[in-house]
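S.K.: Below: one structure in structure tokens.
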Amino acid sequence: MNQTHAFYWSVLQVVVLFGVWAVLWIAGSPYEWLRLFVLASLVIISQRWIFKKKEAVTASGATVMAIGIFINGAIHHFPVLDQGLGKDLTVFLLLVWILITASFVRSYRQGMFYRRHLEHPIQSFGLGTWIAGTSVLGVALYERMPESRWIVFLMALVNLCLWILFIKQCWANFRRIITTPALRNKSHGVLLLSTVSTQSLVVLYNTIIDHPILMRWSQAMILFGVILYVVGWLLVVNRYRRLREWTVADDWENTNCIIHGAMSITGLAAATSGAVSPDWTLLIWLWVLVWFVIVETIELVRVAMRLKQYGPTVGIGTHRITQWSRNFTFGMLYAFTLHFDLSETVFAHLSILHLIHRWILTGGAWIVLGLLVNECLLYIKANIRGKAADGSKMIG
């Protein structure tokens with residue numbers, strides 16, 4: 001009974017704090033720092049008393065990636081959200097990042113980090129969400145909160161060091177997967193996070209540093225990321241090509257949307273750095289569009305089959321950590337398209353390409369927002385009611 005009272009008391013505190021935050025938001029900039037402090041208190045109390053207390057899973061960084069790419073991309077289509085909530089969402093994202101970081105650090109201090117996050121050769125690729133999430137957060141902080149730029153430079157340096165360790169682990173695990181049939185038959189889109197993490201660094205460093213030396217470095221990183229993509233893509237495609245018995249409803253993984261998402265962030269890295277010619281960037285964009293249609297058509301079939309077999313709650317209404325990857329990949333396609341100038345390419349005269357480009361930047365923004373709101377609601381439902389699905393199957 002005491003636990004019930006404590007829960008409802010915490011809910012009341014959250015409601016009051018939310019009301020205070022809303023009033024301060026309406027009041028405007030004179031109360032900005034007080035508003036952000038109230039927001040921080042709101043998040044901490046919610047995490048401490050309302051949501052389930054559990055350790056961050058390997059792919060927890062996908063949450064940061066999904067929210068961050070919305071802040072850096074599609075939110076610009078909504079001026080009210082962009083101007084009114086951009087900084088608040090960035091602070092919220094920073095707090096989420098800190099909470100997940102604390103969980104990883106706690107796991108390391110307990111001597112459990114390897115067993116939880118690195119031992120499984122496929123699941124370990126999920127740590128790429130952390131590298132990419134940190135990069136996306138760094139871009140948001142740099143653009144939304146100029147006073148924090150020295151922190152962003154430090155984050156970028158640490159993130160580069162962590163990426164080196166992560167890629168070393170990825171390379172070893174790629175060899176292990178290739179030589180082990182049982183692992184090859186479990187390959188899925190999580191492997192492509194090796195590419196996502198690599199290209200995210202290109203985007204981050206080209207945002208915070210303006211120096212000619214970055215051009216060669218960016219070209220090398222983009223090429224290396226593409227090599228990682230080819231390896232991962234071949235493993236994923238061959239898994240589904242070779243398996244005799246598999247069903248879309250149960251064996252198609254959420255993370256397979258990274259097949260197009262990994263190349264979207266490659267295109268974004270190319271467009272923002274200027275390290276790749278517009279025509280080559282166009283080829284990347286077309287590759288992304290083709291695989292977007294293929295993968296998301298399969299996803300629509302999967303939704304229909306799961307609704308028929310399991311009903312709406314179990315079929316599509318259950319939260320899994322890997323579902324955030326879809327928010328990220330859709331948001332990344334939007335961000336890539338936003339920074340890609342079709343008029344500089346040899347096919348600038350094709351009106352169909354401009355039509356697709358415009359549609360992504362208008363209708364696509366609403367889809368990204370809708371997916372993000374839906375995923376947040378699923379997360380709240382799962383963590384308050386204790387109905388979260390085990391995402392381990394989906395990430396390894």
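Glycine is treated like the rest: Cβ placed from N, Cα and C.
TrEMBL lists these features:
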type	residues	note
TRANSMEM	7-27	transmembrane segment
TRANSMEM	33-51	transmembrane segment
TRANSMEM	58-77	transmembrane segment
TRANSMEM	89-105	transmembrane segment
TRANSMEM	125-142	transmembrane segment
TRANSMEM	148-167	transmembrane segment
TRANSMEM	188-208	transmembrane segment
TRANSMEM	214-236	transmembrane segment
TRANSMEM	257-276	transmembrane segment
TRANSMEM	282-301	transmembrane segment
TRANSMEM	330-353	transmembrane segment
TRANSMEM	359-380	transmembrane segment
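If you look at the structure here, what lies around each of the features I listed?
M.R.: Counting residues 6+ beyond its ends, the transmembrane segment (125-142) has Cβ neighbours under 8 Å at 57-65, 68-69, 71-72, 90, 93-94, 97, 100, 104, 117-118, 148-149, 151-152, 155-156, 159, 162-163, 166, 169-170, 173, 190-191, 193-194, 196-197, 200-201, 203-204, 207-208, 265, 325, 328, 395-396 in the same chain.
Same-chain residues lying 6+ beyond the ends of the transmembrane segment (257-276) with a Cβ under 8 Å from its Cβ atoms: 132, 189-190, 192-193, 195-196, 199-200, 202-203, 206-207, 214-215, 218-219, 221-222, 225-226, 229, 232-233, 236, 284-285, 287-288, 291-292, 295-296, 299, 325-326, 328-329, 332-333, 335-336, 339-341.
Remote same-chain residues near the transmembrane segment (330-353) are listed as 66, 69-70, 72-74, 76, 260-261, 264-265, 267-268, 271-272, 278-279, 281-282, 285, 288, 292, 360-361, 364-365, 367-368, 371-372 (criterion: CB distance under 8 Å, separation of at least six residues from the stretch ends).
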S.K.: May I ask which of the stretches 188-208, 282-301, 359-380 has the most CB pairs under 8 A with the transmembrane segment (58-77)?
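M.R.: Looking only at 188-208, 282-301, 359-380, the most contacts with the transmembrane segment (58-77) come from 359-380.
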S.K.: Would you mind listing the long-range same-chain contacts of the transmembrane segment (188-208), meaning Cβ under 8 Å and 6+ residues beyond its ends?
M.R.: 59, 122-123, 125-129, 131-132, 135-136, 138-139, 142-143, 149, 152-153, 156, 159-160, 163, 166-167, 170, 174, 177, 214, 217-218, 221-222, 224-226, 228-229, 231-233, 235-236, 239, 253-259, 261-263, 265-266, 268-269, 272-273, 275, 322, 325, 394-396
